[in-house]
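Novice: Below you'll find the structure I mean.
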Amino acid sequence: MKKLLSLVIIVVGIVADQIFKNWIVANIQLGDTEKIWPNVLSLTYIKNDGAAWSSFSGQQWFFLILTPIVLVVALWFLWKKMAQNWYFIGLTLIIAGALGNFIDRIRQGFVVDMFQTEFINFPIFNIADILLSVGFVLLFIAILTDKETK
């Protein structure tokens with residue numbers, strides 16, 4: 001049952017990410033900003049050919065090699081730790097987010113980012129980035145609370 005749930009979460013995450021990215025590209029000009037919640041959140045369409053804070057900008061080969069490795073490792077750990085909920089949820093979200101951005105990199109050579117926080121200086125991000133970030137936080141919690149690793 002958990003395998004099916006993991007697959008559903010991954011597919012829903014990827015579909016939501018890709019649909020929203022396509023909507024952004026179709027409705028907002030590159031570099032333009034649409035206010036959603038003044039002084040809190042805007043939509044700003046950018047093409048990101050790097051990672052967070054534009055690190056590794058222009059190094060697509062790095063992500064095209066790294067992402068499949070991360071996916072294989074995450075899938076292996078998901079298989080081994082599926083019974084433990086923190087691992088299960090965290091790794092499932094990491095896989096969904098990694099695949100969402102990987103699809104962009106393969107299809108377009110860059111990742112579409114759009115969420116811009118206005119109350120803090122933070123990199124513009126997308127749904128896949130949210131999935132990855134939440135997944136890594138949950139994975140960290142899983143590692144800290146794992147009785148087998150203590």
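Indices start at 1 and increase along the chain as displayed.
Each residue, glycine too, has its Cβ placed from N, Cα and C.
Not measured: the values here are computed from a predicted model.
Residues annotated as active site in Swiss-Prot: D113, D129. If you look up Swiss-Prot, you'll see 5-25, 59-79, 83-103, 124-144 marked as transmembrane segment, on the strength of sequence analysis.
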Novice: Name the residue among the active-site residues D113, D129 whose Cβ has the smallest number of other Cβ atoms within 10 Å.
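Specialist: If we count Cβ atoms within 10 Å for the active-site residues D113, D129, the smallest count is at D129.
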Novice: Mind checking which residues reach the transmembrane segment (83-103)? Cβ under 8 Å, same chain, six or more beyond either end.
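Specialist: The answer is 2, 6, 9-10, 12-14, 17-18, 63, 67-68, 70-71, 74-75, 77, 111, 126-142, 145-146.
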Novice: If you measure D113 (active site) to D129 (active site) at Cα, how many Å is it?
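Specialist: Pair distance, Cα basis, whole Å: 9 Å.
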